[in-house]
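Notes to accompany the following structure.
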Amino acid sequence: MNSEIKSLPLLPLRGILVFPYMVIHLDVGREKSIQAIEEAMVQDRMIFLATQREAQTDEPTVDDIYNIGTVAEVKQLLKLPGGTIRVLVEGIARAKIEKYEHQDPYFRVEVQQYSEEFEKGAEVEALMRSLVYQFEQYVKLSKRIPPETVVSVVNLEEPGRLADIIASHLALKIEDKQNVLESVEIVDRLEKLCGIVAKELEIVELERKINIRVRKQMEKTQKEYYLREQMKAIQKELGEKDERVAECEEFREKISKAKFPKEAEEKALKEVERLEKMPPMAAEAAVVRNYLDWMLSLPWSKSTKDRIDINAAEEVLEADHYGLKDPKERITEYLAIRKLAKKMKGPILCLVGPPGVGKTSLGRSVARALDRKFVRISLGGVRDEAEIRGHRRTYVGAMPGRVIQGMRTAGSKNPVFLLDEIDKMASDFRGDPSSALLEVLDPEQNSTFSDHYIETPFDLSNVMFITTANNMYSIPRPLLDRMEVIQISGYTEEEKLQIAKRHLMPKQIKDHGLTEEMIQISENTILKVIREYTRESGVRNLERKIASICRKTAKKIVAGQAEKVKVTTQNLEQFLGIPRYRYGVAEQNDEVGTVTGMAWTEVGGDTLVIEVTTYKGTGRMTLTGKLGDVMKESAQAGYSFIRSRAQELGIDQEMFEKWDLHIHIPEGAIPKDGPSAGITMATAMASVLTGRKVRHDIAMTGEITLRGRVLPVGGIKEKVMAAHRAGIKLIILPNDNKKDLEDIPVNIKKQLEFKLVDHIDQVLAIALLEKEVVDTTTVLEPEAAVMDNPHFSAVDSQEVQQQGGTQLPS
């Protein structure tokens, strides 16, 4: 391929590319471009056309212009008003810019012009035929190019000219056209163009299919419209009503019968008017119909009549649940007030207690006792505010919130509405559902609760809301303030036994297809299951164990191994395996540095053993067992107090300087925190530093201060019941927790002895077994040591005998 060097003025093109053999009009308005054309006209009318990389650039530089362009001849020049000119140019040949001679007052470049020489072999012929065929198909489908163009293209013998003319007729991007222009080799250019035309064919075919589909849809819509208009005319002649008018009249009739509040009725009628003006097939019409259906399905004025019979309600509650005195009493109080005050708003109760104690099922029993509808929604894991208030109708697939959905499910405006697991809600970027619940659970506001979907106030003041939670400290304070909290503690052993006999056994026997004649389980056997196979505040695991016994019984009967099965304490292991827990004392022997404490979690109470040991070192204290900051600080406070009382306790000062102290609380994988183990850790430290053993049948709880005072703690009932389960006989509690002993069942108090203390000295006097404390100068009797203590008084040392508890010697 031969080439020659030429010096020509340069005309930068914006948004257009000129191929060789292409004739086109160009409107020129930039000063540099006009001067370049005028220079070409003065010389031999030859000019170099190159396209800009970015059409938006008004003052292009060397880097803004493609290097390869087209040498063209200016055929005509016409000056237009406004200082612009229009030129007719014809492309001659490809050329490449070798260098820019100057850029002012116009671009002038030295270009290398390519002349095309080729040998028309079989490959070139095949590519030409393929390209011509594809171009013919493209022209037929696109209908953008005159058919005459195909005739002129078919007769071309020069492959380069064929490619350039076809490329000039295609609607390609500037980048793709430039790619073809830069293909100097004939075969390369033909191959590229074949690929481009094939791709364009696919696009044109897709466009054709889309156009056909759209046209058919339009024809269908027009046909439907025409037929509907005809149907309207026919109905009018026959005196029949339009379907849309009939639908709207039906909605109006239903609204008038529904006894809506005034505001809701106005809103519904307004939506009916909107529906009447819409085309029946409009998407918005479906949204309005759905909205009206929701409005009509809500119980605006429907309510059930309460069964205000306290005795009957008590019978229902007692039949369904054993124990749970406080919530049952609150329900009967509500009934009594309802009988006297007819317009009383529904109470908002929050049942707080460990899992498995019957909080959720109690809500269902309350509804049965009041003869009301019952609705339950679980709030566990809810983190979207729209779950409570609903979505606005502007969203696709919008629905009311779960409160309004629950009211529709209930079908009455005064159901018992249970909000389960209210402490398990979360919040994120979508909002805070607990804040949305503030309006629902506020008696002063919920009479005008507004859902985003309904957009009109709905009265919730007659609803009896009951919420449940395992841990009330996880509930946001403003929300907790709106509810009446009722604490439900774990069941006692006797309560579990009665629940198993009255409820769990009959239920599981029936569920497993057995009869009472087929299986017998004694009370002692159930007690053994409670004591040695479960350790929980509720009865869920107990029910699972009873279910396991029933399954194995059913298997034996079906297999023909027995007609009747009797489960006793001797053969219980055949049904449940080896006991999982040891029932009896928490520790079997009196030991130095080992003390039983009491803990309270959201799943109930438990006992924990605190171990302390010493070894030679530098006086450091180590704490292990995954303890929280509060618990570590409590241990430090106890250690500081013991160190300050070393002389009175008979502890050598070297123990604090040359011996290290290690405090460990077993089950190290479980996080522990809180101040209630303060006196327990202090007692264990005093024991190991004095060498005095601690009673194994004793448990204690209480916070300690640097002065040795014992402060009150929470969860006393749960802690005491856990200690009772572990076989503890004597419990040490802060004196300020005396009021909490009233919550402990009488039968539990009869089996325990309680010591109420105000100071750690009293704790040590009770817990440490040796009778004398050796001072560095004098030996004091225990009583004398206690009386010499300025923190101790006769009132402080009082011992509370609870329901037959025996007094231990001090």
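In case you wondered, yes, glycine gets a Cβ from its N, Cα and C as well.
Straight from Swiss-Prot, the features:
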- 8-201: domain 'Lon N-terminal' (DOMAIN)
- Gly353, Pro354, Pro355, Gly356, Val357, Gly358, Lys359, Thr360: ATP binding site (BINDING)
- 589-770: domain 'Lon proteolytic' (DOMAIN)
- Ser676: active site (ACT_SITE)
- Lys719: active site (ACT_SITE)
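Taking the centre of the Cβ atoms of Gly353, Pro354, Pro355, Gly356, Val357, Gly358, Lys359, Thr360 as the ATP site, the nearby residues of that chain (Cβ within 8 Å, site residues left out) are Leu351, Thr468, Asn470, Ile488, Ser537, Gly538.
The candidate set comprises the binding-site residues Gly353, Pro354, Gly356, Gly358. Of these, Gly353 has the most other Cβ atoms within 10 Å.
Val357 (ATP binding site) counts 27 other C-beta atoms within 10 Å of its own C-beta, drawing on all protein chains shown. With respect to Cβ neighbours within 10 Å, the recorded positions Thr360, Ser676 differ, and Thr360 shows the lowest count. The 10 Å shell around the Cβ of Pro355 (ATP binding site) contains 16 further Cβ atoms across the protein chains shown. For the pair Val357 (ATP binding site) and Lys719 (active site), the Cα-Cα distance reads 16 Å.
DSSP gives Thr360 (ATP binding site) a helix state. Nearest by CA distance to Lys719 (active site), out of the binding-site residues Gly353, Gly358, Lys359, Thr360, is Gly353. For Lys359 (ATP binding site), other Cβ atoms within 10 Å of its Cβ number 26. Mean model confidence for the domain 'Lon proteolytic' (589-770) is a pLDDT of 89.
Mapped onto three states, the DSSP output places Lys719 (active site) in helix.
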